[in-house]
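**Q** First, the structure itself, so that you have it in front of you.
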């Protein structure tokens, strides 16, 4: 049998304990867990739940389990609470600690798995991993019934997904894959709850075949399928009826979601026009993290926390009406540790208490495990939810313990190892200090901490004298020796003796007496203004054989004197000087400063107070005690005056429509420093406000108070009229009136709308209509007797539940225009070139155009073409002449002119004809040559001859490109003399013919001052047509001759 001496500290699981004649330990049976050499298992990898695709051939699942332990752990596995027998079931394999399931099958292998890690120090169990099987069956093969809808109405197409696990994601495509429907624009919506496709209002081009496309995501694979086609037919409607919003997709009245996850609330409506959607949190502020989803059909709340709980509202609205839907979001949470266990080494026969605490919603229950087995109250063990107490500890209590917290959303484990100690006293790991210095006149503490279990009896001696408690000496029950008012006579050796029933031991230290440390110059109280510097002095004397250090504390907190750019500096000087410099003192630097002069044996301290005067601190307890429609009463309490009396207060405020704080008007206008209340005036009715208060004194303004709770002023009738009143346009017999919707800050109350009054100009009676909804911005008045472009006087005012506001100034708005009834006269078309004509006409009288003349439209088409295919050019304004370009040369065109206004075009004028001129020659001038004399160059070229189908040459255009300048020469001339620029030394020349048909093809040449006489030669074809490209590089030219020619 093994023999262990006193140096061993051991833990035994279920053994028999004996003591031999030498005081050693004997263990009979079982393995031994030795402290310092062995440790219980600690998981490094634990199995995770997964979803495996049902029916995957020749697959396998690996559940991880690895633990750190000494000696190495062995592993066992449970499935649904029953231990797996690997020898009996060949489709299970264990690789190291991992469990491999070969060819997993749903009916056989689905369930919960748990790993056990075991060594001689104990057993722990892993978290539970659930193996589930995912599947997605095919859509039924039967054809789906076709659906119809009228244009402008809403509808939905049902997905009806097949059986599946887990949840699916949904998309729809139309006619062919992958022509997926894009939800942008608000007309389409695909519910991720049902998979249905919703259409807010149908259009004629929505007719087609629609397919529901579903995708399932599992841990190791993804599968997608799509349904049979649903044929949707949209019946056209030339004038779709307007329809108020009608919510068809509603999120549940109660939505439960886990903290940290994402909640999605769906809301969608039919309507014409397309409804807009906005979300709000009824009992709070919508969190900014929802982003753009706050104005879409799906409100996405990521990273849920308990602040996100509450009532949410979806509002759909158009100019035709609005509808709302509300539901509550409740946030729950998996268990999360607030307090966990830690490893404990406890002596035999003593008591152990462990506590663990977890948060979660619902509240977690807590249970305890010892070596993987449930632990309940019995004998020496007391279990009380999150508290475990074991009294009169025995060796068999050693092992691995786990605290398990669980609710319906999950389970968490906390592990710790308990070692029950049994050992004779031993000082080798923690002897008494060999040299203990102490200051004369001071006190000294000598500790005696041997390792022993059970707790030993301790006593001290000096030489042969046993020390007992006296006026100068105290020996505490835990073996600490205190000596007070030390003198030189106390120097010497001191020995601690320790004894328990397993043995004895002792340890000796030497006490050395030194001179005491004293403060010779203490710091003095100081008083500064914020931003000033202060110096606190501190000098000390000490034993010259030891080093002296200075430290400073502010209100008990150690100051960092080495921080770069900090406010505190240690002034350099002698070792006995520790002065402190405070730079740019701030209010936070006020308080009690303590200087500590310290050696290794003692210390001396001295303190002083620093007062920093500065601007006042923030006022506290800001409350809104009363609110009216344009004012609120505020009350607050004084903040710290920071040693300078408060002179005045200023109130800042901001509305829900603004982010910046601004100074508010108050009553009284100037708030004295002794005031604790004031009235804020000139506020807007029915507006949410927050307020802050700032105190000031002669040293400046302080920090603002915490913002008040948001308060809404009471409602009142509107006080301003809507702006932007205008209108016009529309269809026949209509009067359209438009305005700018009233901003939130001017609505003054709920139930907001508009009152319009209009009458024909010169008539005494007003027609008055009400237009509900703040978003409204137009009103259409239809009357069969309404004449075209008839002037109306219009005015507008706002109303709400509290009353009506003032009318706006009168604006003149005309009814819809009608097309002009007359056509221009005396149309004349003239060919300017082969590609351009000029058209002129007599303007028509404004009395005959049923509105405002916008301009004229010229229609032109070639001979043998139909007028319906005519090209069109419009003029803007009242011009009576225009040019038409881009025509074909030598071609006959028919031309007609029409007047137009915002309603359309009038009747066409009688047509006229025009023939464009022959095109210009398509050949550039050839054989270009030049001669330089001094600073001038003479350029020559061959005449261009026109063909029968080309217009005659009337002359030449020569362009000097540096700088641009064009000269026109007569037909008889074929040369020109140009100056050479002084700065560049070369000239770029472009030469072309011109005539009735326009400009001909150009030839470009670059002439250098160094080239003397030269010419451009034709290519091998002998034609100059190939030289139409621009010669921009000298290497593109061939020079013939020299400067001597």
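Cβ atoms here come from the backbone N, Cα and C positions, even for glycine.
Any TrEMBL annotation is an automated prediction that lacks curation.
Found this in TrEMBL, in case it helps:
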- 41-132: domain 'Ig-like' (DOMAIN)
- 140-233: domain 'Ig-like' (DOMAIN)
- 245-330: domain 'Ig-like' (DOMAIN)
- 335-419: domain 'Ig-like' (DOMAIN)
- 425-512: domain 'Ig-like' (DOMAIN)
- 517-611: domain 'Ig-like' (DOMAIN)
- 618-716: domain 'Fibronectin type-III' (DOMAIN)
- 721-818: domain 'Fibronectin type-III' (DOMAIN)
- 823-919: domain 'Fibronectin type-III' (DOMAIN)
- 704-727: region 'Disordered' (REGION)
- 904-926: region 'Disordered' (REGION)
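Each of these features: where is it, how hidden is it, and who are its neighbours?
**A** Mean pLDDT for the domain 'Ig-like' (140-233) in the predicted structure: 93.
For the region 'Disordered' (704-727), same-chain residues at least 6 beyond its ends with a Cβ under 8 Å from one of its own Cβ atoms are 618-620, 622-624, 627-632, 634, 636, 639, 652, 656, 661, 683-694, 735-742, 746-750, 752, 754, 778, 794-809, 811, 813.
Using DSSP to sort the residues of the region 'Disordered' (904-926) gives these counts of helix, strand and coil: 0 helix, 6 strand, 17 coil.
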**Q** Would you mind listing the long-range same-chain contacts of the region 'Disordered' (904-926), meaning Cβ under 8 Å and 6+ residues beyond its ends?
**A** 819-825, 827-837, 841, 849, 857, 859, 887-898, 941-947, 949-951, 953, 956, 974, 991-1003, 1018, 1023-1025, 1027-1028
**Q** Write out how many residues of the domain 'Fibronectin type-III' (618-716) are helix, how many strand and how many coil, based on DSSP.
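**A** The domain 'Fibronectin type-III' (618-716) comes out at 0 helix, 46 strand, 53 coil.
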